[in-house]
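**Student:** When I checked Swiss-Prot for this same protein, it listed these features:
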- 21, 22, 23, 36, 59, 60, 61, 62, 118, 151: substrate binding site (BINDING)
- 201, 292, 323, 350, 351, 352, 353: ATP binding site (BINDING)
- 183: phosphoserine (MOD_RES)
- 299: phosphothreonine (MOD_RES)
């Protein structure tokens with residue numbers, strides 16, 4: 001990682017505008033999952049210990065450029081105070097006189113949470129005037145919001161035009177882990193790509209075919225590949241306009257010497273419910289009025305074996321509709337194989353895969369769980385992330 005981090009700069013007495021990702025799920029004013037707040041703690045604690053004046057900025061939900069009462073960061077600031085064991089102040093604005101006054105009153109080691117940056121229309125437009133307003137509050141910009149690093153917004157990228165810009169500890173770790181996976185992976189290197197749609201994963205599959213030894217396919221997107229092999233897939237998800245692309249990917253894998261794994265058997269159902277009747281069939285035997293919803297037991301065994309014999313595994317996207325118990329076994333089996341694998345470094349690419357390992361109680365067995373769904377996806381596509389490009393080089 002050739003970007004400067006908070007370890008590379010003097011922070012004592014400095015006003016630090018630290019962009020974090022506190023976009024946590026809320027229900028009736030209560031935080032239902034505080035993973036993202038906890039993920040930011042090491043950076044915040046480091047800034048506090050170094051004697052910085054810590055000004056935290058984040059978005060929450062999609063207020064679309066106006067103040068929305070239930071999307072204020074007040075409950076987040078309160079919970080952060082409990083987790084840090086110290087008084088955390090909350091501003092009702094993200095810039096301007098009120099915020100400036102509160103910043104002016106800060107002592108070294110104090111923590112202030114600004115209001116939801118997406119209450120302002122200029123945030124998502126990366127408006128230069130708004131970025132200047134944010135910058136006016138501080139001496140240094142720290143980006144620790146990997147989950148929003150693929151967005152060129154005023155508080156994630158624009159502000160870096162006006163202040164020295166460095167990464168926080170979470171951002172640094174994400175870039176280190178994902179960067180090493182793509183540039184200098186331990187081998188055998190396996191990528192597991194699941195999820196519903198081929199179109200969401202085209203860039204990732206294309207980019208990874210040049211990097212991996214094994215590519216494992218699962219989830220709804222697998223049925224487009226099954227159909228590309230000439231099999232009937234009943235009512236399973238299929239993107240007919242991507243069948244040629246699926247054929248191309250399978251051919252590319254062959255040419256590049258990549259082992260390409262797709263389901264050999266699947267779990268099928270006639271209805272989507274917790275009590276659904278399911279059957280297990282080979283991929284060439286899906287009846288016309290049934291739908292594939294998970295990978296079958298033979299496939300799970302094959303995939304687990306590949307995982308066990310890999311040194312590095314990157315997993316992005318579930319193997320089936322894991323939210324429903326009858327269709328969750330494939331995703332669970334992949335998670336279990338990663339949890340049990342010895343000497344395998346496992347990288348979970350945020351989003352649904354992270355939610356799945358969390359749900360099955362396997363999170364602590366994974367080597368690295370990315371905090372950015374969209375950001376880790378774009379990073380794995382080989383794209384430059386605006387929230388990273390804007391940081392100062394070492």
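Each residue, glycine too, has its Cβ placed from N, Cα and C.
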**Student:** Looking only at 59, 118, 201, the binding-site residues on record, which one has the least crowded Cβ, with the fewest other Cβ atoms within 10 Å?
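**Tutor:** Comparing Cβ neighbours within 10 Å for the binding-site residues 59, 118, 201, 201 has the fewest.
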**Student:** Beyond 21, 22, 23, 36, 59, 60, 61, 62, 118, 151, what residues of that chain have CB atoms within 8 A of the centre of the substrate site's CB atoms?
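**Tutor:** Surrounding the site, in chain order, are 58, 116, 148.
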**Student:** Rank the binding-site residues 61, 292, 350, 351 by the number of other Cβ atoms within 10 Å of each Cβ, and give the residue at the low end.
**Tutor:** 61
**Student:** Using DSSP reduced to three states, classify residue 21 (substrate binding site) as helix, strand or coil.
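**Tutor:** Note: residue 21 (substrate binding site) is coil by DSSP, not helix or strand.
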**Student:** Find, for the listed recorded positions 23, 183, 299, 353, the residue with the lowest Cβ contact count at a 10 Å cut-off, counting only other Cβ atoms.
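**Tutor:** 183, out of the recorded positions 23, 183, 299, 353, has the fewest neighbouring Cβ atoms within 10 Å.
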**Student:** Which of the three DSSP-derived classes (helix, strand, coil) applies to residue 299 (phosphothreonine)?
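**Tutor:** Going by the DSSP assignment, residue 299 (phosphothreonine) falls within a helical segment, counted as helix.
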**Student:** At its widest, how many Å does the recorded substrate site span between Cα atoms of 21, 22, 23, 36, 59, 60, 61, 62, 118, 151?
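**Tutor:** The substrate-binding residues span at most 18 Å between Cα atoms.
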